[in-house]
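J.: Not my notes, these are from Swiss-Prot:
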DOMAIN    198-304  domain 'Fe2OG dioxygenase'
BINDING   TYR208, ARG295, SER297  2-oxoglutarate binding site
BINDING   HIS223, ASP225, HIS285  Fe cation binding site
Amino acid sequence: MAAVVFDAAILSKQEAIPAQFVWPADEAPAADDGVVEEIAIPVVDLAAFLASGGIGRDVAEACERHGFFQVVNHGVDPALLAEAYRCCDAFYARPLAEKQRARRRPGENHGYASSFTGRFDCKLPWKETMSFNCSAAPGNARMVADYFVDALGEEYRHMGEVYQEYCDVMTRLALDVTEVLAVALGLGRGELRGFFADGDPVMRLNHYPPCRQPHLTLGTGPHRDPTSLTLLHQDDVGGLQVLPDDAAAAAGGWRAVRPRADAFVVNIGDTFAALTNGRHASCLHRAVVNGRVARRSLTFFLNPRLDRVVSPPPALVDAAHPRAFPDFTWREFLEFTQRHYRSDTNTMDAFVAWIKQRNGYESLDKY
């Protein structure tokens, strides 16, 4: 099949989308997916939690069942959020050739990507993304700001400054959220925070252009995030959908997450699920597109340091909960998803099988 260039300015106006973007009928959204049932996920008042250290049982149950909840009273300045969206709009309004100055290279997880057209030739997502690394490690205080100038030019300095501030704020917020999750697991409140304090987060700006045939394609296909934690702010268009459990899957029951301007959606990824020895869930989700308007979202992925070994705290391993995953580093899992495997519904299972084959063992008894 001939290669296709994802130029949002052109494709969003086409009546028929290219075949590479058409998903199989059993994976594509139904024509009436704009009215799917909403999922009820708990809301954590973060300011109240930080003051008291207590959470509701509904939060712990959500982490065990599907790994989704929302946080409010999080301390993120609404003016910073508004400017982050304004810069997102400004970036995606630029000509394709200009955005491609920051083109994502094969095997890398940062840069501009237009629908993965360079990596795959079918079931392409109807989106373009801009991803960049950020770090709280000493010497990296200007990492994001410098990246925008180095990759795109001096005229992007303000944009880089905005996202530097945004990443700094989101790093602090994500570390606070790890305390919520530690309490949900019955651990000491700060027990997981140190694991991520010197980590390698990634920030992503998502743009889903309008599509004349939204029932044939997806903005992001069904997948579990390979990362540890995802903190998502979605605009008022909506499009995030979750498959919360096996019962919903059997009924084909995707559930919509209603946008909430004052909240961040938190979802647990595969790496965090492994860190909890499977006590917390990483569940399937996807993004649908809109037939009339563009959708944008700001996504922050919390990750440990690349060389940090992901291994559960001893308190989470016992006779009733034997080791569910082998030890691995975040670098190993990241490289697996960038070089060997397209993240989907079975990424972690495929990764575990790959580790076992590479290391020459069949069980986890050694752990």
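Keep in mind that glycine also has a Cβ here, set from the backbone N, Cα and C atoms.
Help me understand the surroundings of these features in the structure.
T.: Remark: ARG295 (2-oxoglutarate binding site) has ASN206, HIS207, TYR208, GLY219, GLN234, ASP235, VAL237, GLY238, GLY239, ALA287, VAL289 as non-local neighbours, by Cβ distance under 8 Å and separation of at least 6 in sequence.
In sequence order, ASN267, GLY269, ASP270, SER282, PHE301, SER343 are the residues near ASP225 (Fe cation binding site), counting only same-chain partners six or more apart with C-beta under 8 A.
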J.: Could you state the CA-to-CA distance between HIS223 (Fe cation binding site) and SER297 (2-oxoglutarate binding site) to the nearest Å?
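T.: So the alpha carbons of HIS223 (Fe cation binding site) and SER297 (2-oxoglutarate binding site) sit roughly 17 Å from each other.
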J.: How many Å separate the two farthest-apart Cα atoms among the 2-oxoglutarate-binding residues TYR208, ARG295, SER297?
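T.: So the maximum pairwise Cα distance among the 2-oxoglutarate binders is 9 Å.
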J.: If the 2-oxoglutarate site is taken as the center of the Cβ atoms of TYR208, ARG295, SER297, which further residues of that chain fall within 8 Å of it by their Cβ?
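T.: Filtered neighbour residues, in order: LYS127, ASN206, HIS207, GLY219, GLN234, ASP235, VAL237, GLY239, ALA287, VAL289, ALA294, ARG296.
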J.: Which residue counts does DSSP yield for the domain 'Fe2OG dioxygenase' (198-304) in the helix, strand and coil classes, in that order?
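T.: Summed over the domain 'Fe2OG dioxygenase' (198-304), the classes give 14 helix, 40 strand, 53 coil.
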